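**Student:** Let me begin by handing over the structure; questions about it come next.
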Amino acid sequence: MTLTQLTLTQFGGLFVVYMISLVFILTLTYQEFRRVRFNFNVFFSLLYLLTFYFGFPLTSLLAFQFDVRVVPADALLHAMLASSCFYAIYYVAYKTRLSSKTAACHNDSEPSLVASPRKPLFTMNRVETNLTWFLLASIAIVTVGLFFMQNGFLLFKLQSYSQIFSSQVSGVALKRFFYFFIPAMLVIFFLKPTKIRWLCFLLGTVGFGILTYVIVGGTRANIIIAFALFLFIGIVRGWITLWMLFAAGGMGIVGMFWLALKRYSLDVSGAEAFYTFLYLTRDTFSPWENLALLLNNYSKIDFQGLAPIIRDFYVFIPSWLWPDRPALVLNTANYFTWDVLNNHSGLAISPTLIGSLVVMGGVFFIPLGAVVVGLIIKWFDWVYESGKQETNRYKAAILQAFCFGAIFNMIVLAREGVDSFVSRVVFFCIVFGLCLVAAKLLYWLFESAGLIRRLGARNSAVSQKTSAVLDVRNKNGVE
């Protein structure tokens, strides 16, 4: 691994490119924010800025304040240029209209030209929606309980964070289900989106995230996602302003740093604490130097094609179903760590979204990947807008909860790469869809057993009794 000292001349050149790229992306993002306030393009753009641009000031401080050696300047420049080009192509792909809109207004003399409303793919009622969030929450709570029964509180038992990936920990596959507690709480919120439910969402999801942090032994993802969703819901509803979002984001960064200190059992103070804060914050939120490091070792890459995407699904196949399943999965992160960097410390180094494309097909995959990502974000925005315009409030809650629940997968996309995103978003869609189907089947069983009708009859009887009491009170002149 070749690292060099960053000079002032090199920093000046990088700073110019950095500012041009930053202003370009910030301008487009702010214009979109002013137009719609929130959509998944705005979210992805902020996430992209955080991943590829937030780290440069931290890297510069580490280089000049603490004499930390960094990746060669030409590789850093290539990483910046690749990031800027990717976003430009992504933005064009996202903004490209795929189909022309049908004219909404027609003359009364031409009724045949008016398009008939499309039949909805599915509908939801109150019972089905409540069953859906209950099933999602049950999956998370039951799997957390099973993991705890097998391992206890790992935060107090393991000596190092890397041990959570070792054979000492059993039931690792259960961790993939913990996240479904958040979509369950999102459904509850969107059924009746009030400030009280918004605050309850924060308390419930962050509390659950802290519980999983202690049980798993240092995984902060559920806490970060819960807090981020709370903030973005507040932005959408107009309950918090943009400056409050940035202030809360700063508090979140400090909170994640404190959790990282506990996770790695670090006791630092003074200049050492500031140094630790800089490099942990950079590695947690903005691993942009990983992309530069990958580009610096470009000649060592044996392009993997689409194989990493297929391999990443291996982790979701239980060993009893596939006894010969490889113990180590060679996705883009592991390939970058083991084969390119020859690092076998036990922790995978994230190649980032752009880095995963480079591992799969070289620099020629970068524009292709940008187009694909633009279409993916465009699809999520279409589903989200459909949920906002849906007249059935139960279906609207399901659609919006699905979209916001998929935000974790978008974070995986930007930070980990395309292969990790594809496997996780497919897994998320399958589990979410199965809960929907199971809820509809349970509703059908309850209705067949007469439970739904009896409940409806009871409510009708109560309503009739209430009406009769009101009639008597009105006759008696009581208001």
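Heads up, the Cβ atoms here are built off N, Cα and C, so glycines get one too.
So TrEMBL says this about it:
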TRANSMEM  12-30  transmembrane segment
TRANSMEM  42-63  transmembrane segment
TRANSMEM  75-93  transmembrane segment
TRANSMEM  131-153  transmembrane segment
TRANSMEM  173-191  transmembrane segment
TRANSMEM  198-215  transmembrane segment
TRANSMEM  221-236  transmembrane segment
TRANSMEM  243-261  transmembrane segment
TRANSMEM  353-377  transmembrane segment
TRANSMEM  397-415  transmembrane segment
TRANSMEM  421-446  transmembrane segment
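Please go over these features one by one and say how buried each is and what sits next to it.
**Tutor:** Within the chain, the transmembrane segment (75-93) has long-range Cβ neighbours (under 8 A, six or more residues past its boundaries) at 13-14, 17-18, 20-21, 24-25, 28, 45, 48, 52-53, 56, 59, 288-289, 291-293, 295-296, 353-354, 363, 366-367, 369-371, 373-375, 377-378.
For the transmembrane segment (131-153), the residues of the chain that approach it from at least six positions outside its boundaries are 124, 169-171, 174-175, 177-181, 183-185, 187-188, 208, 211-212, 214-216, 398, 401, 431-432, 435-436, 438-439, 442-443, judged by C-beta separation under 8 angstroms.
Beyond the ends of the transmembrane segment (198-215), by six or more residues, the same chain brings 140, 144, 147-148, 151-156, 178, 181-182, 185-186, 188-189, 222-227, 229-230, 233-234, 237, 239, 259 to within a C-beta distance below 8 angstroms of the stretch.
If you look at the transmembrane segment (353-377), the same-chain residues 6 or more away from its ends with a CB under 8 A from one of its CBs are 40-41, 44, 51-52, 79, 82-83, 85-87, 89-94, 96, 290-291, 294-295, 298, 301, 303-306, 308-309, 332-333, 335-336, 340, 410, 413-420.
With a threshold of 8 Å between CB atoms, the same-chain residues lying at least 6 positions outside the transmembrane segment (397-415) that come near it are 40, 43-44, 47-48, 50-51, 124, 129, 132-133, 179, 182-183, 186-187, 189-191, 221, 224-225, 228-229, 232-233, 287, 350, 352-353, 373, 376-377, 380, 383-384, 386-388, 390, 421, 424-425, 428, 432, 436.
Beyond the transmembrane segment (421-446), the same-chain residues lying 6 or more positions past its ends with a Cβ under 8 Å from any Cβ of the stretch are 122, 125, 127-129, 131-132, 135-136, 139, 176-177, 179-180, 183, 309, 312-313, 315-316, 398, 402, 405-406, 408-410, 412-413, 452.
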**Student:** Please indicate, using numbers and ranges, the residues of the same chain that are 6 or more beyond the transmembrane segment (42-63) and have a C-beta under 8 Å from a C-beta there.
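**Tutor:** For the transmembrane segment (42-63), the far contacts come to 5-6, 11, 14-15, 18, 21-22, 25-26, 28-29, 32-33, 36, 69-70, 76, 79-80, 83, 87, 232, 275, 278-279, 281-282, 285-289, 291, 352-354, 373, 377, 407, 410-411, 414-415.
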**Student:** Mind checking which residues reach the transmembrane segment (243-261)? Cβ under 8 Å, same chain, six or more beyond either end.
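**Tutor:** For the transmembrane segment (243-261), the sequence-distant neighbours (Cβ-Cβ under 8 Å, at least 6 residues beyond its ends) are 213, 218, 220, 223-224, 227-228, 231, 234-235, 267-268, 276-277, 280-281, 284-285.
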